[in-house]
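> Taken from Swiss-Prot, the feature active site applies to Glu107, supported by sequence analysis. Taken from Swiss-Prot, the feature Mg(2+) binding site applies to Asp11, Asp106. Per Swiss-Prot, the feature domain 'UmuC' maps to 7-188. As annotated by Swiss-Prot, site 'Substrate discrimination' applies to Tyr16.
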Amino acid sequence: MNPIRKIIHIDMDCFYAAIEMRDFPELANKPIAVGGDAKRRGVIATCNYAARQFGIRSAMPTAHALKLCRELILRPVRMDVYQKESQYIRSLLTEYTDLVEPLSLDEAYLDVTESTQCQGSATWIAEEIRARIYQTRQLTASAGIAPNKSLAKIASDWHKPNGQMVIRPEDVSAFVLDLPVRKLFGVGPKMEEKLGALNIKTCADLQRYSVEYLLQKFGTMGQRLYELARGIDNRPVNPERIRKSISVEETYPKDLPNSEACLAVLPDLMARLEARIQRAGKISGIHNLFVKLKFNDFQQTTIERVMDKLDLIVLRQLIQEGFARRGMPVRLLGIGIKLKQENTYQSIQLPLLDL
C-alpha cells in the first residue's frame, strides 16, 4: 500500500515586487509594480499588495494600471536579479527532497513523503523553508501542505501573504464541499461560466453529477472535474532537472555525541540508501560518494570522494573525516551518491555488505 503523500506548494509573495522593495527600502509601503513602459504598451508583471488595493493585477496594461493609481511607482523588470534569487531558493528546496517541481521563478511543488527532515513533518518542513528564505533573502513565502498537488496549491493561497495552511488527509472530503469550483485546477473564467449555467458553484454541487454526465458535457475535462471535486489528484511531482544524486538522512532526537555513535547508525542509513537506489531503477552510474553532517550548532559540512560504487568502508572514512572537522555532537547525518551526468544509463549492482 502506497503511503499517503505529503505535498508542499511554496509560493513567493509578490516575488518581483518584493525584491524591489528589499533592494530599495524607500519603496516600502508604497504602491509599486514591476512591468513594461506604458508608452510602449507594456504590461504589469507583478505588483505589491499596496498596489493591489487599487485593483492593479498581473498582466494588466501598464497604462490602465497608472489610471487606477496615479501614485503607482513603476519599476523596470530586472530578470537577471529575479532569476538569481529563484536559483538560490530552488537550491534551498532541494535540501529537503530531490522531488522539486518548479512551476515558475516564484513557485514550486515539493514531495516530502520520504523526507526525514524536521522529524518527517511536512508542516515543519514548510515552516523551516519559509523561515530560512526570510532569514537569508529577506523575502516572504506562503505554503500549502496537502496530500496532492491541487489541494496544496489551493492551500498556499489561503493565508497569503507570509502564511501557510495544512489540509490533512482526513479533512479533504469536508474541505472540498464548500470550495468554489473556480479554485479547481484547470477551471478558468469560461469553464466557471459553463458550470454556473448548470448551477454548479461549489464542489458539493459538482459532486451531484455522475462521471458519465460530466464526460458527456465536458469531454475529458469531465473526468478531471469529477476527481478534483472529491479532492483526488494523482499527478506526481515531476522534477524538471535530471536527477543528480540519491541520498538519505536522519535528524536524531538526541545528538550523536561522537564519531563512534555516527558509525553505529550507518548500517540503517546504508540499508535505506540501497533501497532508494533500487527504487530509482536504471541510473547513470555512481560518480561520487558523500556524507553530510549537521552539528548541534546548526553548522553543517559535506565531504565526498570519487567512487564508482557504493562502499561501506569509504563511507565510514568520510564520516570520521567529516566529524573531525568540528568535533561536536551531530544532530543530522546523511549519506548519498552523486550520479554520472551521461546519456548512458545502467542498473547499479549493489554490494552485499556485512553490516
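Every residue gets a Cβ built from N, Cα and C, even glycine.
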> Which ones in the same chain are close to Tyr16 (site 'Substrate discrimination'), with CB under 8 Å and 6+ residues apart in sequence?
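Counting only residues 6 or more apart in sequence, the Cβ neighbours of Tyr16 (site 'Substrate discrimination') under 8 Å are Val34, Ala45, Thr46, Val77, Arg78, Tyr82, Asp106.
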> For the C-alpha pair, I'd like the distance in angstrom between the residue listed as 'active site' and Asp11 (Mg(2+) binding site), rounded off.
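Approximately 4 Å lies between the Cα of the residue listed as 'active site' and that of Asp11 (Mg(2+) binding site).
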> With every protein chain in view, how many other Cβ atoms are within 10 Å of the Cβ of Asp106 (Mg(2+) binding site)?
22
> When you measure from the Cβ of Asp11 (Mg(2+) binding site), how many other Cβ atoms are you left with inside 10 Å?
22
> So for the residue listed as 'active site', how many other CB atoms are inside 10 Å of its CB?
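Within a 10 Å radius of the Cβ of the residue listed as 'active site' lie 19 other Cβ atoms.
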> Considering every residue in the domain 'UmuC' (7-188), what is the mean pLDDT value?
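Per the prediction, mean pLDDT sits at 93 for the domain 'UmuC' (7-188).
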